[in-house]
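Annotated repeat 'Solcar' per TrEMBL: 13-143, 151-235, 245-339, in sequence order.
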């Protein structure tokens, strides 16, 4: 379907081209943000004693350590089953005095590639999820605008929420499979047996375990993000007197809207962090829990332990991570779409 600029419609791009643009954006974002999170987790690891922190996404388990790694696109759990060994990306901690010192020492002692050591699992999950998410958003927005005839700021709000809901529902079983493979290092045949056993014991819906907290965080975030992004982008285009957003406008609008959405949905992010780490611990220990805490119950626990401030823990770390990740992703995506729009327009002119 077509896109629409400030002054009217522009050249249409196909869903396949939208998928290529979003996939490229996910790749670029992962390459840009992954080193920042690798450094952050390495800095966390040298803290003693290691304690659970909602802001730093870190928890010390009775059997070892469980790290929740998030590079702005996807969350990943890495479990260390003892103090001396861990997954391949997590090396023996070196003492760092700060972020810049960590960059220098990791590069010098472990090589430049170590800064991207969390990249493979990110690409396996983030690229398909991002392709589904962004393509669905554009298709839904255009359908609601041009197909149904809806107008107004609520269109990106609805389209963003529905697109994220669909993406989370499709990806959740794959994410559960990936988490099991990482925590237990299962072969594909063992994994197949494990999944069949889980489905036989707990039903097919067990493949969507953790879906609820993910939806409660990601769907409101997505709705708020696209609502603010489209609004800020339109305002910036009007101020700059350009018919269509350029790279700098998309980047700025993405950063602003990402920061706003990150702040407003922070309590759900704190809950999802704790829930993911609990699930990672259960998988590692092989514990089967019949009843898991609801999102609202976890919120009450956090409020009782830490007060209302606990629900907004990690304000700055989340904004610092999410804002640039959103800016890089959306500006890369818009740039990719603009490239395909120009290519299609040139083809149409040559055909005349």
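A Cβ is built for glycine as well, from the same backbone N, Cα and C atoms used for every other residue.
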Three-state composition of the repeat 'Solcar' (151-235), taking helix and strand from DSSP: 76 helix, 0 strand, 9 coil
Model confidence over the repeat 'Solcar' (151-235), averaged pLDDT: 81
